[in-house]
């Protein structure tokens, strides 16, 4: 997501906008829904890629997760470590890291890479071993990844080092043939969200990165957060009041039809969290969480962490379902809780 947020006061921009290229008259591909303050978060464990043998398999798994996030308009993904304590890296320094085997960093790196608009990836993501198989990654094609010949009321931009022609403010690359100029002095290589004018002669305005969702009704990508354990998913929430509706997925849970029997009723929440387990389930994550161990929560008591404990696909035809498959199945079944359409 965007790294720069404006002050609340109105922004005034130079006329050197470079947006009068006929783009404003093209048809929108994405249509906004109802503006919303509520959010959907999912949490996935690092074990979903530790069982992968090759870098290509890990890359493909990360890409499948990102596609699910994009398809279902998920606002946040949390990556939590469910490995035994003795197997976790200590004093890990992402800046000095040159390998591609640390699972939390690998997932965070690739999910952030995929969320970023393609035109700015080369600048924001230098060459790294994690990206050696980037050719296997899918296109997400989210609203903030627009084509050059389409217009949306918001754009993601990247602050440039070269000064604007007017000499004031900052030049911003928004993935169009010409850059725009804003009056703020923003450090180079900083990502910023802009609200575009309806009038071709108007001026774009820097806005809070959440505004496309909260005021425009657009899904505007997802944020990525790392958690050191399952309990840390809850205690380190990015939201001030945490998650007010939590759902844990398990083959030992109740079917969705019993957990949420009224198919025509949406749920009431501000921030929903859906947590997925790895090959050995959420019980394995709880077993390797020292904080939960002190609370006596492990095994069958893992379900006490959640408001709902569900089985997204009872009577499955295979012994196990991969987490990336479970994501698609669960989000398909649960979407009715927040989408009345």
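Glycine residues also receive a Cβ, built from the backbone N, Cα and C atoms like all the rest.
Nobody curates TrEMBL annotations by hand; they come from automatic prediction.
Of all ranges given (1-26, 27-52), TrEMBL attaches the label region 'Disordered' to 1-26.
When DSSP labels each residue, the region 'Disordered' (195-214) comes out as 4 helix, 4 strand, 12 coil, counted as helix, strand and coil in that order.
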